[in-house]
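Undergrad: This is the feature table in TrEMBL:
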TRANSMEM  173-193  transmembrane segment
TRANSMEM  199-217  transmembrane segment
TRANSMEM  229-248  transmembrane segment
REGION    252-276  region 'Disordered'
REGION    519-576  region 'Disordered'
COMPBIAS  519-537  compositional bias 'Low complexity'
COMPBIAS  538-573  compositional bias 'Pro residues'
DOMAIN    578-614  domain 'Excalibur calcium-binding'
REGION    590-615  region 'Disordered'
COMPBIAS  600-609  compositional bias 'Basic and acidic residues'
């Protein structure tokens, strides 16, 4: 029988195809037509089609097909229909859903049933003669074999494979296994994250089942007959997963997680060249960050002197009675005046970061690290310049600190300006040129490798506002500050002078470091009136000046006057005479420069042997 060409049937099939392209209704109708079923549209708004099979013997059976499956609503066929594999009997009919029954097998079964069915015997109406009936011996014996159906006029879609006998049972087994797995997932989610976790796991299961149904067109074992139903299940799974994830409490890190390193291995391992370049870039960035951190001197608000500091008079008395070569005596060479405003200060005024002032190929930071660390290891190919690792005996805290160059570790050890750059700016450095400020910022005399956090804590404080926590190092610390201020002609505030003197009175023999020699204290008598000021200020000239007071006084006075006059002239030379480097010292004819010579500085004597620019 050709494919039905009834316009009403074609319209119904078109609606099925438009609504659900994967619906098997069209294939079922084509198979039914090939088996001899008459296909008709009952009319009305519904999209069901009626399939009627009429055998030559007069038997007939009826099925209805729609999106859900086949339905037998003939009460006379109910007993037969209920025995067909995949049948779902209801109170009014017997249904064969596409998800649980093979529609082609159902059509074949009902086609054979129609051939076996015999019409009801005809009864004549009252008053009519009975029709002729053949004698029993004249009738051909009845056989249940149906007559063959005429061949199909057109191509027939390939039939679905017949459903195996145990198909419904296997579907139930699959459904049971999946349900058990889902229950395990849900139970695990509840155990780990409570009800939100269980909801999220159930949503994940629905999402997977719905996705499979959408891809395959249906999931019979889950009673999903079409992609539309599968899409609805998929959407429900997405909603459940989202709600469960949103309401799930945050996971608390376990001890193992807390102890694990913060960084994880990247998903793809880079090439050795890329890894080396990345590590070097990170190390350079870390050095730059450490340089910014160690020179970013936060302003420290002045504080009241702690109880126990020397008074102004006691400080002056301690300085006057100190041994000549001590740091306490050198305080006499440091002027005392108020702090200038910090306005205009900028780190870049002291040079752009660490520079190579001694022309040895290494910047000052690496020079100081190599000087102050022990057991240091250098980066290959830098001629023992770039320090990679080492151990610092921190003078400020007394602790031992392991140094490692790299991001997040370089700043553990920082280079401190003992006299902070901002403090120097407020106490004389504003008047310097750029070259002298750069030299000051890179002078090893003023630099120490120290604990990074303590350096940040110090800021731009002087001895009146900050001292190292390690009391055993305070004498050396303030002595170095005095040496720096003597060398560069910086002044102190009175509070700073009192604080330094208070520390140095506990160690009166503390010398100036780095071979620094303070200029001798000058007596006021030669520059003022001899009778009044010579006796109280300088006890040494006192016995000489009163005695030649009579007539011989004019003659001896001019003679000794030239002698003291040239003597004090070279004394302030260490402060007024300054050489940027050894080239300048050689150009001035002063090289080699020894301790006590005009212009001597620690920056000219890198090896610390007391002789600078000897080569």
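Every residue gets a Cβ built from N, Cα and C, even glycine.
These numbers come from a predicted model, not from an experiment.
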Undergrad: Which sequence-distant residues neighbour the transmembrane segment (199-217)? Criterion: at least 6 residues beyond either end, Cβ under 8 Å.
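TA: Here the qualifying positions are 22, 178, 181-182, 185-186, 188-189, 193, 224, 226-227, 229-245, 247-248.
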Undergrad: Could you give me three numbers for the domain 'Excalibur calcium-binding' (578-614), the DSSP helix, strand and coil residue counts?
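TA: Once the DSSP states are binned, the domain 'Excalibur calcium-binding' (578-614) shows 9 helix, 4 strand, 24 coil.
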Undergrad: Determine the mean pLDDT over the domain 'Excalibur calcium-binding' (578-614), rounding to the nearest whole number.
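TA: Across the residues of the domain 'Excalibur calcium-binding' (578-614) the model's pLDDT averages 80 on the 0 to 100 scale.
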